[in-house]
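**Q** Have a look at the structure that comes next, please.
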Amino acid sequence: MAAEKAPEQTLPDLAQLVLDSPPTTTSSTPAPPPPSDPTAAPTTRIIPDGPKISEPFQFGSRFLLSGDEVFSHNAWDHVETDAAYKAFSTSQFAAQRSKPADNYDKMRFNSDPRRWWDLFYKNNKENFFKDRKWLQQEFPILAAATEAAGVGAVSIVELGCGAGNTLFPVLAQNRNSGFHIHGADFSSNAIKIVKAQPLYCEMNPLGFVTASVYDLAAPDTLPTGVEPGSVDVVIMVFVFSALAPAQWSIALENVRRMLKPGGKVLFRDYGRGDLTQVRFKAGRYLEENFYVRGDGTRVYFFEQWELRKIFTGEAEKQKGELEKWGIREGQVGEKTQEGREEKEVEENQKGKEEEEESQEDKEERERQELKEEMERFPQGEFGGFIAKEMGVDRRLLVNRKLQLKMYRCWMQAVFEKL
């Protein structure tokens, strides 16, 4: 879509472009209609003898169809987990809860997370992560912001920029004289790596890029040089998962402060049940869905409803389900240790019980699980955004030699500040 020239400091065309699907490789293929629910999981439309299209995000186009041999390729897109993986995951989660990190380790990893990220980038430099060149396809607003003409001034902040694996691919594509991107990261070693790169040294004196050390979870703060209400786009790719749930509301308030009204958050992070979560061993569980890796860095695994609750202040699915079972949201309070122990016993035997329990028992179990999820959600000021797009990127990876299936899951969204 051709963008018309916009007034200085405004981005009406970018706001429109973010809702467009990236172009397909076949010009004669009609564009898919917009999804009726922008927060729904991606749907799939297959055109005979043409490209396969997913909505609202692309996510890949190799679909496992009836009759396909699963081990004929290394990866498949949009594949739901099978019953065997779900049962294995349930048993793994129960085992993780039964052998959590001890109190000393919880204190060690939660009290000074900056230390562990500094060590990570000291050891790994810029070589650990691959450049995320796919981002401009998944988030067309980034491609539009770097166009040579008709865009005007654009201010982008990447939170958790690391060694620049997102920042530099975007910067390298820029042809917009009014473009500026600021990379912010918790780790001083990461920022040193960014500032040492040739592209940074070339573009920083021209005013296209800056970088600073920044703690997203520090109350009432913004990155160096970033003014309140001055940012058009915030990139958050695998950064929110590094925060403890108790830090979510503070981080969100800082994001709200830096964005203009109508500004966008481009979000991608780990989803619940991802293989990475399932593989965690004893001593790595910090709290529900929150773990510490072997290198000391922390990671959380999200559900879609949690992201809706964080960014929009609403958890529509959960509220509807609570009403179905006659639970008022105000009834959800502190979780008791007795409730946790009962849940652990239940989950240890869940696979067998699912086969034997009646429909009534199943609904009661789901009601209790749902209530506990709501109880765990942290206190704080959430909302201030609308969800323009939300999707779940599910991928099946296979080891053809060992005949193993490995399921990955990521959450992706575009949120707009009200």
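The first residue you see is number 1, and the count goes up from there.
Placement of Cβ uses the backbone N, Cα and C atoms for every residue, glycine included.
Note that the structure is a prediction, hence the values are computed from the model and not measured.
Feature table excerpt (TrEMBL):
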COMPBIAS  20-29  compositional bias 'Low complexity'
COMPBIAS  328-353  compositional bias 'Basic and acidic residues'
COMPBIAS  362-373  compositional bias 'Basic and acidic residues'
DOMAIN    157-264  domain 'Methyltransferase type 12'
REGION    1-46  region 'Disordered'
REGION    328-373  region 'Disordered'
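How about a rundown of where these features are and what they're close to?
**A** If you take every residue in the domain 'Methyltransferase type 12' (157-264) and average the pLDDT, you get 96.
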**Q** Can you break down the domain 'Methyltransferase type 12' (157-264) into helix, strand and coil residue counts using DSSP?
**A** 38 helix, 28 strand, 42 coil
**Q** With DSSP, how much of the compositional bias 'Basic and acidic residues' (362-373) is helix, how much strand and how much coil, in residues?
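**A** Taking the compositional bias 'Basic and acidic residues' (362-373) as a whole: 12 helix, 0 strand, 0 coil.
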